[in-house]
Amino acid sequence: MASQIDEQQVQHVASLAKLKFTDAELSEFTPQLESIIDLFETLEKVDTTGVKPMTSATDQVNVMREDVAVNSNQREALLKNAPEAENGYIKVPAIIDESGDAE
Amino acid sequence: MNFYETDLTQLHDDLVNKKISATELTKATYDNIKAKDDQIEAFLTLNEENALAEAKALDEQGIAADQLVAGIPLGVKDNIVTKNIRTTAASKILDNFKPIYDATVIEKLKAQNFINAGKLNLDEFAMGGSTENSAYQVTHNAWDLTRVPGGSSGGSAASVAAGEVLAALGTDTGGSIRLPASYNGVVGMKPTYGRVSRWGIIAFGSSLDQVGWLTTSVKDNALLTSLISGHDEHDLTSSTREVPNFGAQLNDDTNVKGLRIAVPKEYLGEGVDEKVKTVIKDALKHYESLGAIVDEVSLPHTQYGVAAYYIISSSEASSNLQRFDGVRYGVRTNDVKNLEDVYVKSRSEGFGDEVKRRIMLGTFSLSAGFYDAYFNKASQIRTLIRQDFENVFKDHDVVMGPAGPTVAYKIGSTITDPKAMYMNDVLTVPVNMAGLPGMSIPAGLADGMPVGLQIIGKPFDEETMYKAAYTFEQSTDFHKAQPNLGGQN
């Protein structure tokens, strides 16, 4: 099965990933992704009936710790890395664009 | 100061006995860096002022005999967070990021008074095999400046190979310590998953990432790995097993008599350069002459490793990299009208092309309708890859083969073909998939460029690997070869 990823699908995945591509980028990325997804599809050849998926290689099971509240009190230090902060909060623009020309 | 002519133990003894001061050693390290890094371009950030102040303070209090790395400047890959020292992961999106805490590995080294020489270049977010994906600079191979240093720990490997620093920390998600170690003729160890805490490593593929060292000698590597290993309550996948002193086991009595070495036929098969094969076959013959038993085996799912790895690592990356959204830290785009703009524009402008490709592949593999065919299928293949190794380890102590299918290639030669770049990882990704320890040691030259012998061990059996590596190193001269910086070798 050849993969069927086209520019429209790439746009859709980009919107899920909070990325945006220009038309030029789109025509560059689409064949690249298509070729890699073709590689992914070689896995179809392997019979994995009844094989349990492996999601971690750790040797630890059910690690517990005491539920103790700590106050690391690092707000000021943390906010220094925020692009915009005010009164101890991180500042972001309005969720809904009020200027009316949002896409 | 030529770091090839000394080692960690020697420098430590000289510091304790005041034959050299920490200040002198630190100055000598920066002299090395300044003499060579214009050509190598390994460092993204130098920590010179702090380093000299720390060295001075250490000289005043004296170097403690039980602190092996005290007063010794070492390099740190720039995806390892360092308190108050800019940490970019070689991405524009973290251009202005100064972490407010240290990674556990840094905390452990600081407790021993190590000196952080500076932060080393990598492929952006450790995604790549050549360090060409850095948003800042292209690092050069010290053996031939027109070639890549490998990646993603290319800055770390090139810096050690060029003799700028004695050792450097790297990370390895699919070969990112072993490939650059191979390409640069240095020793690189990716410990068992869980051996070293991942706390403070900027996450790429959380079920695959590990931290390890690039060094010029096996013993230095072993000594340093013990220092950063062990359980950490901040990383609940880190193992509670006891950590051996790996370096203490390496001495004149160390040998490989009776060591059972498995050589997968897939690791010397199609796609591996003939000259690389010759170097590796000679290394295996040398092991036989030292009393080891070499058997050919098969790891039948090797050919599916790259596809399965890129599905799993990209899926984990697409999730891990959601945190870079221009809100809490990192770079936010100025021209925004609403919150969605902050996310989309900051990410689209802040990430480089390879990072975007991985996020796209991961998001696609996890998306509705594709999850079973891609992510779940890859996770099942992962089980089969691990079982392949388990079967071989039933009657073998280590697996050996090349670390990479070729020597270091020319800068610019594969960067436009992502799939070709991914195929270079064919011999390293299965190790991360299975969670095993893997290392690369210098095994000789092909066309004047270093070839790395990969040694793969049983889970948490780094000890046997170090002993095998040490025996090889002590009975050959390959590790003594140094790049003729600036000239052709």
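Cβ from N, Cα, C; glycine included.
These come from TrEMBL:
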- B:Lys77: active site, charge relay system (ACT_SITE)
- B:Ser152: active site, charge relay system (ACT_SITE)
- B:Ser176: active site, acyl-ester intermediate (ACT_SITE)
- B:24-464: domain 'Amidase' (DOMAIN)
### Task
Looking only at the domain 'Amidase' (B:24-464), report the model's average pLDDT.
97
### Task
Round to a whole number and give the Cα-to-Cα distance in Å for the pair B:Ser176 (active site, acyl-ester intermediate) and B:Ser152 (active site, charge relay system).
5
### Where the residue listed as 'active site, acyl-ester intermediate' falls in three-state DSSP terms
coil
### Query
Rounded to an integer, what is the Cα-Cα distance in Å between B:Lys77 (active site, charge relay system) and B:Ser152 (active site, charge relay system)?
9
### Message
Return the count of C-beta atoms lying within 10 angstroms of the C-beta of B:Ser152 (active site, charge relay system), excluding that atom itself.
### Response
35
## Note on the structure
One residue among the active-site residues B:Lys77, B:Ser176 has the fewest other C-beta atoms within 10 A of its C-beta, namely B:Lys77
### Query
Going by DSSP, is B:Ser152 (active site, charge relay system) part of a helix, a strand, or coil?
coil
